[in-house]
Amino acid sequence: MTELKNDRYLRALLRQPVDVTPVWMMRQAGRYLPEYKATRAQAGDFMSLCKNAELACEVTLQPLRRYPLDAAILFSDILTIPDAMGLGLYFEAGEGPRFTAPVTCKADVDKLPIPAPEDELGYVMNAVRTIRRELKGEVPLIGFSGSPWTLATYMVEGGSSKAFTVIKKMMYADPQALHLLLDKLAKSVTLYLNAQIKAGAQSVMIFDTWGGVLTGRDYQQFSLYYMHKIVDGLLRENDGRRVPVTLFTKGGGQWLEAMAETGCDALGLDWTTDIADARRRVGHKVALQGNMDPSMLYAPPARIEDEVATILAGFGQGEGHVFNLGHGIHQDVPPEHAGAFVEAVHRLSAQYHN
């Protein structure tokens, strides 16, 4: 494989020395960029964009042409696994993702296949290989998946939800069915991420977008337990190099200690967690990624710079910080504000690495 020219991101995840704090943005390939909108229009619809390796590669690379980001992230969707299980994924305008055949009971769970990563999900692996080739070793490529709990919320609710009453009804009234579903998803995610690593992903991230809607006890049983299983089953080295794993539970700031016990290399923080506090609690064990409020990118560049300075000072001297937003970039953010953010991270962070 091509020699990596910029390995800051991978080094920071392993708490190794870097010259400046690495930075990337969740959803950095997305609708805030006019060139993304043009490519998506060319593809026809969102899943067609995901399933075309050349176009998925193009949108993955677009933000790297604009900004000196320290990592690329595979352009895909967290719902590829449920889609490959045959639930009939479609996108409703203004509604987000929906499934024609949601999971309602144990019998439905029993019928679900575990998708073969190089077969039903082969288009994702083709995209990974294409992106790695086109990156030419400039920066590392991040692969990802949704967490079992987060995937299950969409599969049981039939799409996006605000109150999560349908899946919580299953959790409390038929926990066995939900555990069977989560176990099947954990196996599927492990296979899927390992296939991404074999195809060329140099780091992987598990997005637990909806873990924060659970009580602490339920989070341990229904979300964290299954992420731990995945971490245990992942390839941790490929191509002679360690493959770091990041866990991110949105709304999970109160559970960082438990998350750090999974054996992951890094934890993603949302913007509601104080990064100085997080470092005191778990910084001896894991790297931290985050955690500027994505809405800060609406502010003037001088205000963005102040916020970057505050977060860098909060983390403090030394290694183990990847700068990011606390969640995905909003679609109506001015692209030049994202540029000011990335530039400020690199310029202001050098003083913390000497």
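Cβ atoms are placed via backbone N, Cα and C, with glycine included.
These come from Swiss-Prot:
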BINDING   R27, Q28, A29, G30, R31, D77, Y154, T209, H327  substrate binding site
SITE      D77  site 'Transition state stabilizer'
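Shown on the structure are the features that Swiss-Prot records.
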{"residue": "R27", "record": "substrate binding site", "DSSP class": "coil"}
{"residue": "D77", "record": "site 'Transition state stabilizer'", "DSSP class": "coil"}
{"residue": "Y154", "record": "substrate binding site", "DSSP class": "helix"}
{"residue": "H327", "record": "substrate binding site", "DSSP class": "coil"}
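Taking every pair among R27, Q28, A29, G30, R31, D77, Y154, T209, H327, the residues listed as contacting substrate, the largest Cα to Cα separation comes to 23 Å. Here the Cβ of D77 (site 'Transition state stabilizer') has 18 other Cβ atoms within 10 Å, regardless of which shown protein chain they belong to.
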